[in-house]
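Scroll down for the structure; my scribbles are underneath it.
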């Protein structure tokens with residue numbers, strides 16, 4: 001008798017679950033929003049005027065336990081200013097084949113230049129495509145921002161940038177002012 005009831009009990013479980021609502025998420029077609037603090041792709045942030053926040057200190061690379069970050073710092077000049085400080089990150093790479101998404105690089109950054117976005121779709125069929133260079137990591141320009149290199153806002157110091165008191169309109173005015181100065185020398 002137990003030989004007969006065993007398979008029926010198994011089919012009973014199958015039949016009872018056949019008519020329940022499934023928990024399947026139809027991922028590529030229906031994307032579920034991520035949590036606000038999700039650790040996704042990294043992003044190099046900018047100040048309100050478009051200058052980069054990265055100062056090329058390499059603390060993020062030193063903090064990375066997977067050795068996934070490579071940074072080369074370079075000195076800013078008055079002609080080519082990429083960040084308000086003395087230095088900027090000339091070369092910045094993150095190897096997502098090695099990155100474990102721990103966020104230690106974010107905690108190590110003294111200027112909050114590096115943050116993580118909610119973007120998680122980074123799959124690629126090419127290994128070289130998973131090494132993100134600076135151009136793919138930089139935050140996009142927002143209205144009022146000017147592409148670096150450009151001079152600091154008139155009268156602003158590095159401390160003003162650090163405290164967040166520099167606005168995007170000040171940089172646009174500085175850029176317009178420098179363009180006027182450049183064309184003034186061409187007149188007879």
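Residue numbers in this text run from 1 along the chain shown.
Placement of Cβ uses the backbone N, Cα and C atoms for every residue, glycine included.
In the domain '4Fe-4S ferredoxin-type 1' (44-74), the DSSP tally of helix, strand and coil residues is 5 helix, 9 strand, 17 coil. If you look up Swiss-Prot, you'll see 44-74 marked as domain '4Fe-4S ferredoxin-type 1', on the strength of sequence analysis.
Helix, strand and coil counts under DSSP for the domain '4Fe-4S ferredoxin-type 2' (90-119) come to 5 helix, 9 strand, 16 coil. If you look up Swiss-Prot, you'll see 90-119 marked as domain '4Fe-4S ferredoxin-type 2', on the strength of sequence analysis.
Among the features that Swiss-Prot reports, region 'Disordered' is placed at 167-188.
Taken from Swiss-Prot, the feature compositional bias 'Acidic residues' applies to 176-188.
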